[in-house]
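Asker: Quick one: structure below, then a few questions.
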Number of protein chains: 2
Amino acid sequence: MSIAEAGEFGLIGRIVSRLGSGSATLLGPGDDAAVVRAADGRVVASTDVLVEGRHFRRDWCGPEDIGHRAAAANLADIAAMGATPTALLVALCVPTGLDVTWAEGLADGLSAEAGLVGATVVGGDTSASPTLTIAVTALGDLGGVAPVRRDGARPGDVVALCGRIGYAAAGLTVLSRGFRTPKLLVDAYRRPDVRYPAGPEAARLGATSMIDVSDGLLQDLGHIAEASVVGIDVRRDSFEPPAQMLDAAKALGVDPYVWLLAGGDDHPLAATFPPGVTLPEHWRVIGSVLDGAGVTVDRKPWTGGTGWDHFR
Amino acid sequence: MSIAEAGEFGLIGRIVSRLGSGSATLLGPGDDAAVVRAADGRVVASTDVLVEGRHFRRDWCGPEDIGHRAAAANLADIAAMGATPTALLVALCVPTGLDVTWAEGLADGLSAEAGLVGATVVGGDTSASPTLTIAVTALGDLGGVAPVRRDGARPGDVVALCGRIGYAAAGLTVLSRGFRTPKLLVDAYRRPDVRYPAGPEAARLGATSMIDVSDGLLQDLGHIAEASVVGIDVRRDSFEPPAQMLDAAKALGVDPYVWLLAGGDDHPLAATFPPGVTLPEHWRVIGSVLDGAGVTVDRKPWTGGTGWDHFR
């Protein structure tokens with residue numbers, strides 16, 4: 001059945017029936033607005049939009065995958081403030097000829113990814129559109145801690161990373177060259193594996209700044225460097241790319257460090273910590289904060305490309 | 001300068017520079033997420049999306065108008081819960097050839113409408129897209145009161161309306177027939193005049209249910225009737241359409257009650273109150289809640305059309 005046949009309320013009904021309920025949800029979908037617990041007295045909020053052909057392709061990802069990706073991009077932003085996500089709101093614009101099962105799959109993916117952190121989809125809106133577009137807003141709770149911003153890094157701090165990096169970018173290259181394997185990389189592009197609890201953990205460990213790496217490590221560290229008025233140096237030897245990535249890079253004639261340093265979509269968290277901090281193993285130290293400006297790799301400028309501009 | 005020439009960060013910088021700051025904003029645009037005060041311990045949240053060609057036309061409305069409309073649609077949803085809006089987040093998808101001044105005008109309109117209630121744009125996202133799309137999320141504060149839902153209307157309650165109705169629908173008909181006057185109606189379509197403080201006021205007055213009338217009065221009262229498991233009867237003689245609306249209706253050969261009862265986009269608040277309530281003058285009693293189901297007009301079914309389905 002197409003979405004045109006299901007109608008607006010038919011579509012909404014089908015989506016809502018697939019959403020779970022969360023402990024922070026005081027009033028879920030079905031009214032003018034949702035009501036979400038904000039016990040902290042503050043709410044963290046972020047919006048990210050995915051546009052077909054620019055952020056995803058339906059022949060590369062199923063609807064559940066795209067739901068996971070759309071949710072992850074937003075939930076990671078909440079985690080990067082040191083907060084725990086509580087709720088998602090979704091604006092879904094769809095061509096009317098699309099099958100309703102696609103929208104149901106998307107709802108399943110959004111709901112499942114949110115469920116990883118106990119959050120739920122509490123509301124949203126739908127419209128017909130020639131361009132399939134998914135705008136997600138995530139809300140989160142700071143649990144009494146100060147938000148970890150981008151502007152607190154200080155010379156001498158260590159730079160650490162939590163979560164996979166380069167995998168999704170490698171998967172995207174693989175898919176764009178017409179391949180479907182290695183599965184590790186393609187799956188990483190389809191469904192990010194984000195360490196959400198590492199956000200609040202970093203806040204507790206005294207992180208001086210933090211960011212969700214969504215557009216490429218060097219570009220996103222550049223935002224921290226600019227906001228904090230510092231320089232950041234990243235060490236190439238701090239990365240241990242998996243064999244599948246090195247093999248794929250060789251086969252495709254790509255420098256794997258372009259994936260690692262400039263690739264997006266994995267959503268690891270990058271944070272700076274005071275010198276001498278003891279970090280859990282899943283936070284890997286990858287560099288240091290310096291006096292100066294900009295981001296270097298082994299103290300040299302990087303010339304291999306830097307992330308995405310969504311209008312180029 | 002086109003948006004492609006300005007680039008993603010150029011565009012964001014231009015937009016952010018035009019946004020004010022509000023008392024509820026603890027951390028505004030520029031980080032992974034915003035932080036907004038939620039003193040009540042709960043946050044009200046709603047998302048509405050506007051798609052070019054379906055919800056607006058650039059030849060009928062300037063960018064400031066569209067900003068006002070996009071903000072109003074969301075702010076009215078917050079008011080309809082009995083809450084006061086605190087913040088907006090905006091996902092803006094734009095064709096790259098669009099001039100940046102258009103996006104700046106949109107930001108001005110969004111910001112100005114939010115400013116009417118002391119709210120501000122605290123964050124968002126931008127992307128290129130072939131289809132101009134504006135998804136807005138509004139947040140709000142209940143200030144200690146219970147949210148006014150759709151499911152609390154009881155037989156014997158009075159139905160009351162606060163704000164203009166039929167004006168925007170009449171303006172839309174006028175524009176779609178190629179006219180630019182009467183100014184009263186065209187301007188009403190371009191910029192809704194929403195009585196936001198009437199939402200929290202209704203909650204204090206004991207409203208048993210409330211809704212933002214966005215898709216047509218009868219359709220939206222139908223949502224209250226369905227959720228509350230009651231019938232609602234609306235009295236035709238309770239409306240006093242202005243002379244310009246009656247004149248336009250006559251000139252265009254339209255029944256003005258189609259605009260009044262089935263037209264959208266004005267965003268008045270409709271609420272039910274216990275019998276015997278004393279309402280301020282700006283709340284006009286338009287009908288009553290009955291045992292039964294569905295919405296009638298002078299106790300008869302309405303056959304003149306009912307609101308919008310965004311997929312038809």
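Including glycine, each Cβ sits where the backbone N, Cα and C put it.
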Asker: Since TrEMBL lists B:Asp32, B:Asp77 for Mg(2+) 3, which candidate among B:Asp193, B:Asp212, B:Asp215, B:Asp220 does it give for that site as well?
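Answerer: When TrEMBL describes the Mg(2+) 3 site, the candidate it includes is B:Asp212.
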Asker: If I take the alpha carbons of B:Asp32 (Mg(2+) 4 binding site) and B:Gly124 (ATP binding site), what is the distance between them in whole Å?
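Answerer: Distance (Cα to Cα, whole Å): 10 Å.
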Asker: Reported in the order helix, strand, coil, what are the DSSP residue counts of the domain 'PurM-like N-terminal' (B:30-140)?
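Answerer: Across the domain 'PurM-like N-terminal' (B:30-140), the residues distribute as 33 helix, 46 strand, 32 coil.
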Asker: Could you state the whole-number distance in Å separating the C-alpha atoms of B:Gly124 (ATP binding site) and B:Thr47 (Mg(2+) 1 binding site)?
Answerer: 12
Asker: In which DSSP state, out of helix, strand and coil, do we find B:Asp212 (Mg(2+) 3 binding site)?
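Answerer: For B:Asp212 (Mg(2+) 3 binding site) - judged by DSSP and reduced to three states - the answer is strand.
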Asker: Just the number: how many Å between the Cα atoms of B:Arg150 (ATP binding site) and B:Asp212 (Mg(2+) 3 binding site)?
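Answerer: Pair distance, Cα basis, whole Å: 10 Å.
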Asker: Are there binding-site residues in B:Ser214, B:Asp215, B:Asp265 whose CB lies under 8 Å from a CB of chain A, and which ones?
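Answerer: So none of them sit by chain A.
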Asker: Cα-Cα separation of B:Asp215 (Mg(2+) 5 binding site) and B:Ser46 (Mg(2+) 4 binding site), in Å?
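Answerer: About 16 Å separates the two Cα atoms.
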Asker: Spatially, and counting Cα to Cα, which of the binding-site residues is closest to B:Asp77 (Mg(2+) 4 binding site)? Options: B:His55, B:Asp212, B:Ser214, B:Asp265.
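Answerer: Out of the listed candidates, the nearest Cα belongs to B:Asp212.
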